[in-house]
């Protein structure tokens, strides 16, 4: 059985997935309906990065305080931590389908609250509701898809969840761009998020529960009916038999198929090894900096020297599109190349691209245009006070001007060339309009630079390498690597670790950037990426082509596998042969 699976996945897994559309559309219907949870996850991640630019314009308290900006972004993540933690328990207790329905309801309520928020406080409350829904959906969607997928194409189908995450991010940038000129701008951006939640709620009402969850709960006949719709006739009886043996082994070991506790979880070798790999991958997924790029990509584009919000949106739309494209690449390669090789290729590229970004931003900050006293005096009575009182004003450049804080100051570029010396002025909407009227560019979050396009290329390279591997594989691994009796709980633990790491990165990025600079911040992410690469080589197993019930056996007997370029699971295959 195992040998046949490996041959098939090496040669035709992607074709197998495509042909499934015609042979058994029921499976794709399950996968894409559940995958809308990924769309919600991605949309929320992407939409707030653009909406934040306009929220800052509407609420001056948010524009003045970095902590409020970080809170608006990170309170959704705090809600997701709670949602993922509670969702793990709820998945095992109430089922995957019910948890997705609850997640959709919470997300819809949060979207309505955000769209109608009169101030930052209620906006943050809405973000928490959205976060609760996203946290539940983030670990439940891939779990549901994994348990409703044939082993040969499980990786490709769970990758559709990753594709919908990145597709949601891309959609959010399109929505942001569409509403840049509309009244209410950011309210439309965050309010539209309620529609995918409503759509999934309706679709999930029409779909069944996970067959593996049903079987474990003693509802064997209902589970068999669903499995017969998923698997071809010549495979379904073997799948039912494997599932039956797995549950019976649990009952024999535990005394009851319902008995579960954290001590037993940690004492089980397969679970312990699975958690090490699963939690580690989720933590490193965040600490290599992906949500820094997605949450703050318009801001990063402005830091690279592109002044207008609309230009920042257009350029960050490119990175979102590449992210979605990378997920399609993952669907093609995940069951051909394997999870581990894809992770290693991905992280190698991430390390290189973060090195490029660090170098580009170092050059950007050390070679920004100078401040000209002649250009500044051209604007009467609005000169930056810190510049006027500085003893070394002749040494001031654009970056020095933007760091002034009593009050905040902005840089108005030269009318002939944005790289020539410009004016350092008080930062407010009136001054901004005066600058624009003279066909000058106004900078408050980054300085004009000839290296701006290199920053965009660095971001694009980062996304191209990150998305097919580190973007998709951690969620796939966590949907398949745990024994059935612990799957919801372990998936919840790993998803919670992901969201806690996400919160730390989101809450600290802007403060870290202000303290040590963008260049050093990206360098830190690069060092963490090297650590992630070593972790994958040492601790992450290859699960390509293995039925879910067989992965536990592989983990029980698994030794460290450093030679990732060789075919994995050999010891297991030998034992199967005997």
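Our numbering is plain: 1 for the first residue shown, then up by one each step along the chain.
From the backbone N, Cα and C atoms, a Cβ is placed for every residue, glycine too.
Since the structure is predicted, the reported quantities are computational estimates derived from the model, not experimental observations.
Range annotated as transmembrane segment by TrEMBL, chosen from 226-249, 250-273, 274-297: 274-297. Of all ranges given (489-510, 555-576), TrEMBL attaches the label transmembrane segment to 489-510. TrEMBL assigns the feature transmembrane segment to residues 67-87, out of the candidate ranges 67-87, 382-402.
Here the transmembrane segment (489-510) lies next to the transmembrane segment (67-87) in space: the count of CB pairs under 8 Å, restricted to residues six or more apart, reaches at least 3.
Same-chain residues lying 6 or more positions outside the transmembrane segment (99-118) and placing a CB less than 8 Å from one of its CB atoms are 34, 37, 40, 44, 83, 87, 90-91, 125-137, 140-141, 144, 187-188, 190-194, 197-198, 200-201, 204-205. A mean pLDDT of 84 is what the model gives for the domain 'Major facilitator superfamily (MFS) profile' (30-544). Residues of the same chain lying 6 or more positions beyond the ends of the transmembrane segment (185-207) and with a Cβ under 8 Å from any Cβ of it are 29-30, 33-34, 36-37, 39-40, 43-44, 47-48, 50-52, 54-55, 58, 97, 100-101, 103-105, 107-108, 111-112, 114-116, 126, 130, 133, 168, 172, 175-176, 179. Beyond its flanks by at least six residues, the transmembrane segment (67-87) meets 44, 48, 52, 55-56, 59, 61, 99, 103, 106, 120, 123-124, 127-140, 295, 492-493, 495-496, 498-500, 502-503, 506-511 of its own chain at Cβ-Cβ distances under 8 Å.
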